[in-house]
Structure formats: C-alpha cells, structure tokens
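Q: Feature annotation from TrEMBL assigns domain '3-hydroxyacyl-CoA dehydrogenase NAD binding' to 14-191. Per TrEMBL, the feature domain '3-hydroxyacyl-CoA dehydrogenase C-terminal' maps to 195-295. Per TrEMBL, the feature site 'Important for catalytic activity' maps to H149.
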Amino acid sequence: VPGISPAKAKKIKKVGVIGCGTMGGGILMNFVQIGIPVVVLESKQEFLDNGMAIIRRNWMSSVKKRKLSPTTFEKYMSMIKPTTQYKDFSDVDLVIEAVFENMKIKKEVFRNLDAVCKPSCILATNTSFLDVGEIAKSTSRPQKVVGTHFFAPANVMQLLENVRHPGTDEETIATVQELAKQIKKKGVLVKVCEGFVGNRMFGVEQIEVLRVVLEGATPQQVDSVMYKFGWAMGPFQVGDLSGNDIGYRRRDELGLVEKPFNGPLGEYSPFFVTDNLVKQYNRLGLKTGKGWYDYEDGQRKPIPSKQVEELIIASSKERGITRRK
C-alpha cells in the first residue's frame, strides 16, 4: 500500500471471532491453520455447539481425503476456545466480528469489545456493506477499527476486502494487509462505500441472472453455465451459501423491498424475486436447509426446488414477462 510500510504491522498472536456460523467458522479456520489460536464467541451455547460441529466436520472431511492428518486435526481443534463470555477476549490482539448485518447490533458488539479488549487490540468487522466509520464511533478507539470482509466459504475463497474508514491508522491497515498474506488471502484495501467492491460487482451480476431466470432459465441452468465458465460455484449457490437474507435486509433498510420499480434507471428490479424467497418462504439458504435450492441433512449438495420453480414462474407472470426456452 503506497505510504504504508509493512514494517508498521503488529504481530498477531491470538485472535477472537464473534459468530460461529457459516462465516465465523470459516474465518477462524484460516487462523488456526497457520498456528494462531482463536477464541470464538456465540450468544448461546447451542449456537457454539452447532458451529463447532460444522468446523469439526469440515476438517474431518480433509482427514478422510488424506489431506489432513488425524494428529493435525486434533491440534487444530485444541487451538479453538469456544465461549459465551466477552471477557475471554481480554488478551487477544485482533477480534473479527461476523454477526448479522444490522448497524444497531454491530454497534452493541463493538461497545462490548471496547470495554474488555486491551487498548492495542484491533477491532474488525466482517460487514459486507455497512459503514465501518459509523461502527467505529461506538468505540473509544476508532483508529483501531477496520473492515475485514471475507467471502463465503471464508476458509476457501481467496479474496479479502480490508476496509479503511477515514480514521483507521496506518498500523491497523498494515497489520490486516500483512495478515491477509499470512492466511493466504489476496488482501485488497478499499474505502467505505455501498457494497465496497466485490458486492457492488456481484449486485450487478445478480440483476442479470435474475432477469435470465424470469425469462425462462432455471437457477441450476445458470449455475451450471457459470461453473463451466470458470466460477467456483454459480451465483444462486453463492447466494444460498452466503445467505439470501443479507441482501434482503440491506434493501429493506434502504426502503427498496416494497418498491417494484427501484432499478437505477427507474426500471423494475428483479430482486423482488429474492425478496419474496426470503419474506414469504423463509428460504434463506444453507442455514435454513432451503434457498434457491433444497438441501438435505445439512449437506451442501444443491437439489432443484419445485417451490422455487413455481415462485419464479408466478413472478414472471406478475411482471408480464414472457418466458421462453
């Protein structure tokens, strides 16, 4: 980064993660795999138990494929300290928050962190679109607040958006950029803006793929084409993995959910299909066992959904869109 020397980066010896769901679990795996112990916090013990079970299953899959030894697996698991108490973050060097995309909730989390973490601790948010500077205002150390936006699955995807707000200091920026290299991510430094970079691009892509299914294609056809094109997975599978409710909540906050003509040029926005998927059918994705696809017994294998097919056809009819094969 021009003007910021890597020498300013502080050494991270212990990390805290808030949230042991799809994103939080993936994030902590990155650090454990390079030898950094992690404290992971959840609001309830049952959430911790469920999250730890998924982490265990992910690494066990590597053991079965002989990509990870049983000894290393046990070592990894021993490096994770699950907790429901903020006080267990008192000696960590960095905390990454991965909770719901809600400003009020995130500010409360950061106030709690500010009260228990040592003054030098960096407080990072995994938000995919919220104003990092606004979150920083809830702390007494805005210079130590930064965005670290991982992409799902966080233990696999290489892109990491490090988001600086106007008050983020050079040490914090240098630290997260160097840390990205250590966990084998491509750390891209960005400023605060709606959707940052990755989700601004993905949002435009989503508009096009939603229009394609409204005109007659199926989610599985679109995903198959994009996979063959070179994507790791198709856009509808990505939505299910990340959570279809994330974009819905943001559109709801902006007052766009109930507006059928909310495109940039006043045209209809195809996101109403995703919004109906969430608010009418609670098809949030993998976390609810159903999204654009159905999922069985906690497996990630996507199964075409008759309910989704009917929703898309009804949506096309509602908007007067002629479907074709």
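Placement of Cβ uses the backbone N, Cα and C atoms for every residue, glycine included.
Note that TrEMBL annotation is computational and uncurated.
So that I understand the layout, could you describe where these features sit and how close they are to other parts?
A: When other Cβ atoms within 10 Å of the Cβ of H149 (site 'Important for catalytic activity') are tallied across all protein chains shown, the result is 26.
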Q: According to DSSP, how is the domain '3-hydroxyacyl-CoA dehydrogenase C-terminal' (195-295) divided among helix, strand and coil residues?
A: 58 helix, 4 strand, 39 coil
